[in-house]
Amino acid sequence: LFASLASATAKQHSSNITAAPNIIFILADDLGWNDVGFHGSLEVQTPNIDALAYSGVILNNYYVQPICTPSRSALMTGRHPIHTGMQHSTIGVSHPYGLPLDLTTLPQHLQRLGYVSHHVGKWHLGFYKREYTPTFRGFRSHFGYWGGRVDYYDHTAQAVSWDTSWS
């Protein structure tokens, strides 16, 4: 589960003080359409997620990629993964690259508008250099992990089998 949280500071316009709306964006990996109550699931009860959805905006027409790094790169940049270089696979722990540093991310845009953004969950957009990590890409803080396959309960990295023999 990936959550990106942004809160706005109050801005003064003429003599009126207005606050921009708070934004809570939730990106859930491998979530099926009918895995939440607000889409009609009778088997999975998600009352808290449903309440957030009903009190906010439900985005039903976002086209995701089959794996997380390409989807995350599109979300963070507003560009199709083919234009971020992140279209092929997930970024492994030994991969010496990340989301290109010349691309402006959503939290960097929000920061210019007075928002303070926080990232919770899996990053999976590179961490080979510290400049690739969330706090260098517009987030004030990050609580989570940078790569994939981390146990939610004991926070240990799980072994990955890259056997592609298919035999």
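Every residue gets a Cβ built from N, Cα and C, even glycine.
Feature list (source: TrEMBL):
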| type | residues | note |
| --- | --- | --- |
| DOMAIN | 21-161 | domain 'Sulfatase N-terminal' |
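The helix, strand and coil residue counts that DSSP assigns across the domain 'Sulfatase N-terminal' (21-161) are 37 helix, 22 strand, 82 coil. Taken together, the residues of the domain 'Sulfatase N-terminal' (21-161) have an average pLDDT of 90.
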